[in-house]
Amino acid sequence: MMDSSRRRKNNYISLVLLLCLIILLLAGCWDRTEVNDLAIILATGVDVSKKEAIELSVQVFIPKPAEGGQQEGVSSGTNSSQTLVRSAEGVTIADAMSRLQEKLTRRIFWGQNEVLVIGEKLAKRGIEDQIDFWMRHSEPRERADVFVSMDSAKEVLESMPELERDSAKQLRKLVDSQIGVKVTVKDLSEMLSGEAGAAVIPWVAKLSPSNLGVNKGKNIPFIQGAAVLRGDKMVGWLSDKETRGILWPRNEMKSGIITIRTNGETGYVSLNLLRSNNQLMPKIMNGKWSIRVKTDADLEVIQNTSNLSLLHSKSLKEVERKVVQEIEDREKLALSKTQEKLNADIFGFAEAFQRKYPRIWRRKSSEWKEIFPKVDITFETKVNIIRTGLENEEARKGGEEK
Amino acid sequence: MIEKGKISPFQMALIIYAVVVGTAILYIPFITAQHAKRDLWLSPIWAALSGFLIVFIITKLYKLYPKKTLVEYSELILGRTLGKIIGFIFLFFLLYDTAIAFREYGEFVESAFLHKTPLVVVTGGIALTCAFAVHGGIEVLGRCAIIFLPIVLVLYLIIYLFLIPDLNVKNIFPIMEYGWIPSIKGSLAPHAWLSQFSLLSFLLPFLSDETKGMKWSILSVSVSVMTMVYINLGNIFLFGGIITSTQFPVFQAARYISIGSIFEHVESIVIAVWVLGGFVQLSAFFYMLVLGTSQWLKLHSHKPIILPFGFLIILFSVWSASSFQEMIRSMGTTTPFYFITIQLLIPMLLLFVAVIREKLRKA
């Protein structure tokens with residue numbers, strides 16, 4: 001009896017000692033980093049510097065305590081800058097980063113970096129080496145959105161949007177609206193290493209500020225079309241309209257408004273795209289490569305300034321026919337440019353052929369550069385107008401057309 | 001008998017699942033993709049063969065020698081000297097296997113989060129924690145498994161559910177572009193991982209309901225294979241062509257989660273939960289090693305050798321590879337052959353001799 005109670009007591013004492021030891025561990029990590037030791041990077045710009053090296057610019061978030069809450073009103077977020085931009089040169093991004101660190105009192109932290117802007121000059125020279133940093137280093141995120149900017153990327157970071165807090169937020173919100181292409185670092189890496197060896201990246205241009213804006217004289221970045229890359233080098237640029245055209249075959253067209261005019265009418269009909277689905281149907285016949293771009297779209301009418309009565313299936317068919325034509329025209333416009341002029345397969349045609357004809361592809365993949373411009377493209381577009389809006393034009397026009 | 005505890009067949013299935021899948025989901029996709037490319041999801045299916053075969057052999061052996069582990073019946077089958085040698089080879093391999101598992105755990109935590117922390121601190125920390133579980137015996141292990149693993153399993157599932165908007169199903173086509181060979185070559189590493197089902201031999205004697213041992217083992221193999229296929233499919237859907245260059249696809253996938261730009265940066269949660277699974281896995285390895293060794297040495301208790309073996313494991317985990325790259329390369333090349341030789345061939349040999357002995361005795 002005595003023995004067992006003493007043993008229990010010993011156990012009890014050792015347990016207490018152990019718990020005391022564990023308390024030591026609660027003090028925290030030995031290499032902890034407090035938030036006020038970090039320079040949180042919101043956006044990064046990469047340019048070619050004058051000395052032909054890499055110029056890395058970062059937009060750093062300035063943490064400020066919330067001031068007085070309501071007093072400054074809603075505009076407080078926009079008129080006082082919450083970010084600063086710093087840049088440094090180096091032979092690689094990582095090298096430039098170490099130089100940049102010398103200028104910043106806080107440790108550079110990539111974890112929140114959501115935007116990567118690449119200057120036009122660098123994009124023309126090749127971006128593969130830059131992407132390597134993003135995929136290899138464990139701190140930057142693969143989900144960061146990538147852009148190519150007209151002129152230097154630094155300027156984009158320095159610009160001040162009117163509605164958003166900073167240019168990083170501005171750019172992210174613009175690509176999220178789904179009217180253009182959206183490319184993350186992961187997507188880009190996938191496109192660059194893919195069979196097609198071509199990529200498309202949203203293009204950032206400058207919008208002059210509105211007159212009433214708070215930051216007069218500063219340009220606002222916005223998305224205008226897309227940069228086209230072959231290999232890892234930028235070879236051309238697509239306008240807004242052409243970019244819309246490439247969204248269809250890429251199956252990224254999810255929203256948009258199409259306005260058409262039917263034959264013999266003066267007014268227009270505008271339709272809102274509800275949903276669309278695209279498929280690429282590759283075919284190799286007698287050594288001739290062709291692709292059928294199959295589109296299936298549902299739309300609704302949102303404005304009708306023509307005299308067409310959309311209650312009649314005949315006029316509805318006419319509108320549908322016109323929409324099909326419009327969509328195909330847009331696709332053709334984009335395709336002719338990328339296929340003939342730029343020779344960059346940004347639609348995933350290569351992958352489509354590879355999936356359908358793996359054996360032929362294995363032999364011919366090295367010749368894709370010569371084959372792609374000659375691929376015959378046909379369209380098969382099906383459009384359904386599923387709603388004609390809330391108004392009935394029979395009532396409005398009193399049926400005068402009939 | 002050293003261990004007096006009992007576990008249910010379900011607990012056994014969970015423990016062995018943790019042993020196999022814990023680190024497999026981290027390393028298998030990358031290693032498999034080196035050969036199999038976009039067919040990497042097929043490889044675990046080939047590897048299932050090893051899993052089922054080993055479960056069959058081990059349960060068969062157990063039926064011939066009930067209440068005995070591999071270390072014990074190898075002496076009965078091959079005689080004292082030869083049996084001891086085989087037992088030693090197996091245990092030495094198990095030490096290496098355990099050390100590799102600790103190393104894998106440590107390397108992952110290092111490259112994902114604690115870049116500057118010495119590896120020994122990471123592996124030593126978990127080894128100490130595991131030592132407590134091992135000290136508690138098989139029942140503690142079983143309960144840990146039953147508490148932690150459902151959370152881990154749900155986690156594996158939801159990572160890719162959250163990524164559905166980013167998944168591109170077309171990425172798996174064309175299936176078997178280069179025929180069967182790449183996916184079979186890629187299945188080398190999954191074969192090695194699934195051959196670890198031979199460790200069932202250390203768990204079967206403690207079942208509360210022995211009749212269900214076979215059934216739950218088969219189920220555990222199936223779920224392990226399904227998990228690997230699921231993870232590999234998720235990775236190929238998400239990463240497409242760059243799957244061959246993403247070192248920790250599951251981790252990177254977790255980082256990629258972003259829902260409504262609010263629910264993002266969740267990788268820390270993923271790792272925290274994964275560590276739970278890792279804990280069960282490493283404790284199970286540790287336990288089997290210690291149990292087997294004390295049976296081999298005919299000790300009365302496994303407890304005195306827990307700490308020395310913990311130390312030995314950490315040493316071996318440092319010795320096993322000089323760098324992360326070396327470890328990865330050996331896992332894709334030489335290690336699987338080592339694993340399969342010891343874990344498949346030794347039990348096979350034992351069963352062969354045991355069956356012949358049985359026949360001779362009857363005749």
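Note: Cβ is positioned from N, Cα and C throughout, glycine not excepted.
Nobody curates TrEMBL annotations by hand; they come from automatic prediction.
Keep in mind it's a predicted model, so treat the numbers as computed, not measured.
Noted in TrEMBL for the protein shown:
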TRANSMEM  B:12-33  transmembrane segment
TRANSMEM  B:45-65  transmembrane segment
TRANSMEM  B:77-96  transmembrane segment
TRANSMEM  B:116-134  transmembrane segment
TRANSMEM  B:146-164  transmembrane segment
TRANSMEM  B:188-207  transmembrane segment
TRANSMEM  B:219-243  transmembrane segment
TRANSMEM  B:269-293  transmembrane segment
TRANSMEM  B:305-324  transmembrane segment
TRANSMEM  B:336-356  transmembrane segment
Proximity verdict for the transmembrane segment (B:188-207) and the transmembrane segment (B:116-134), three or more C-beta pairs under 8 Å: no
Stretch among B:12-33, B:116-134, B:219-243 sharing the most Cβ pairs under 8 Å with the transmembrane segment (B:305-324): B:116-134
CB contact flag for the transmembrane segment (B:146-164) and the transmembrane segment (B:45-65), at least three pairs under 8 A: no
Candidate ranges B:45-65, B:77-96, B:269-293 - greatest C-beta contact count to the transmembrane segment (B:336-356) (under 8 angstroms): B:45-65
Beyond the flanks of the transmembrane segment (B:77-96) by 6 or more, those residues with Cβ under 8 Å of it: 65, 70-71, 199, 285, 288-289, 292-293, 296, 309, 312-313, 316, 320, 338, 342-343, 346, 350, 353-354, 357
